[in-house]
């Protein structure tokens, strides 16, 4: 997902606490005049048969689906093998994320945090819990959800979590996050549909590879980061800090903005930016160390590892059409997954909207959006060679019987995934100092352009993690076996998620970016 680093720089759209109408789909973009007017986050790997790279963002799929070009949907339909950053439908992914976040047995957050910091954190969480009823949408209430349940789904068991994960959890306790519960994010939606269509699915990363670097910060660095996070949230609540971008801006750029815009700048870390020229010198040193550590561990090493595993999967499936869906930030900027593939000799071209996709059942005709069905009743397999023509690019509303809180999108590494998408932007103090404190809505982390020394070019030498670890893959045969004994793996986590995220209260928050994510 850079001059001086300030603590986790949090963005907030300061507005009233009242629940407000959902903005128009597409982040207020105008409907495109033609397919060629759409943004395309699709790249084609030139081989026979072709393979595809598709850039996602971690927002409810209904906000972007109408703006995804038909040829991107056709590439997905034509593929037989679909891969994601993590296997979002595997209960192990969920339980591993939950375990990774917990303090050692017998320890609680109050035991490890300084007293003042702990109580500041608790006051902030109490505030969020108080605000959630006003953030909820009528649709959520109509489905029988209540505020305490939503809060516990995100923040449950927070006193048992490691401080670095609490920091990320706080960043996701926002009005936007609460209001989006109930609709799968784009990545998860594609994963669910791929399994329902009996495609072979898999992942190029393991949970531990995303989780362990976060736990690698030393304790003083973690305290610094958590303190800076709370300072930013407190400033937002006091009305003294404003942010240049929100999730709506991200959606708008994805749907109809500039693909090279700073909001998609991938020269970012997946954690908040910590540098600020007003910090004391010793804190600036700490900020630089954190920034450098995560830039290497969560951006450059990840892109190299992901690129190598893409190549391994292509080698193993030379006669298959493969579709790789990663966060868009992995394909934009410098030292990207695409750079790794090109340096290895593969030919990777951006595929504009409107350009025909050549493959089985995908020669020029747009494919329909995957039909949404209840996770409890998986759709029959849809062979790639029998894809009908599209009738509408608009997805239907998820069925009422689908429990929106227990949907697997709850378990995405949300803060990590969000941060992949955000470019670094400078913050500015509010000019009107006499303005009354405003409510804290749509809180997001933003990252500034760096003036620190750029890292060396992405190395291509084998690394233990990229060479010895094989990607997770689930074949259509395995999916058929699952059908014979119970629900498909895309539906099984619906209940498994709850168990995976209930260490002590019903549903602890698990962090995609995810990422990813």
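Cβ atoms are placed via backbone N, Cα and C, with glycine included.
What you are looking at is a predicted structure, and each value in this text was computed from that prediction instead of being measured.
In Swiss-Prot, the annotation transmembrane segment applies to 495-515, one of the ranges 474-494, 495-515.
In Swiss-Prot, the annotation N-linked glycosylation site falls on 334, out of 218, 334.
Neighbour counts were taken at the CB atom with a 10 A radius for the glycosylation sites 227, 334; the maximum falls on 227. The two recorded residues, residue 334 (N-linked glycosylation site) and residue 227 (N-linked glycosylation site), show a Cα separation of 31 Å.
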